[in-house]
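Trainee: The following block contains the structure, expressed as structure tokens.
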């Protein structure tokens, strides 16, 4: 049964154009072609990335945070209460008014005390500023190196300047060592992001991030199987071109360098919109949708690859919407926060009562010059 499923999965008509077989992509005459078995190495490399990330965050990002004066916020802790803790863990972190009144009777606390307890308890679970800074530092470092490496891989290739060259001779296109390592490292990194997403800072677009990571892994893997390597390297470099800017803006935001953060964000927004909403759909996707049909009839792999590209493009439109919302806040002089992926689902404010009593710095939240509370 396993052999039958295996043969169906690797049926040439699913992965290759008509009249071509896997035998046409066997290594010969010094020419090396991509093979599915090459991707096995990405799983151990993903775990190696997690180890490297831990070492980087401990010995590089943490000292850097100290130099930039990124400090843990002091948060008021919720008083231990078994009744409220049980409801918090088993039912919901955001009780409705009826639940608050019921818990007030069970716990012997006033309604106001129950509300305050849940606010403080939620804030205890919020990720620290240092954790956010460390994560942003790691991603910034990888995306910057990946972008530089990706450009080095493709900038001297003819298909970088003429997209019709992407399909010249397809699928009999031999693989270069630089393409191999670019693919393996990128795929391994996205596997590591998927493995660590549960422990990373949970952001507003958590579900979209999962979809993005899964779609990216599928796209990279499929493009390798079907020898869409030339198109794949262009797509990966295009995505890396803006991501490191976003992560650097986050780092400066956490460090309190507001003007620097805002300026980098403007550059990021421009690069993101140009690359993801202009170049990707009108150049790259045009290349993958129309140019192949000049060489061979459409097949399953052609439809599958472009469907996954549409999924990614839909996510880009969603994130562009958040970026534009953020840009509007910036233009109107409001607090600039990362609408795209840096707002947590938990409360953004500390205990309002304590803030009113003790002043704007009582809970470790500095107040900006424009009288808005600093957000993460």
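Quick reminder: no glycine exception, Cβ is built from N, Cα and C everywhere.
Here the structure is a predicted model, which means the values were calculated and not measured.
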Trainee: Write down the single range among 243-263, 264-284, 327-347 that appears in TrEMBL as transmembrane segment.
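Mentor: In TrEMBL, the transmembrane segment feature sits at 264-284.
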Trainee: Taking every residue in the domain 'TLC' (131-332), what is their average pLDDT?
Mentor: 90
Trainee: Based on DSSP, tally up the residues of the domain 'Homeobox' (67-128) by helix, strand and coil.
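Mentor: Split by secondary structure, the domain 'Homeobox' (67-128) comes out as 36 helix, 0 strand, 26 coil.
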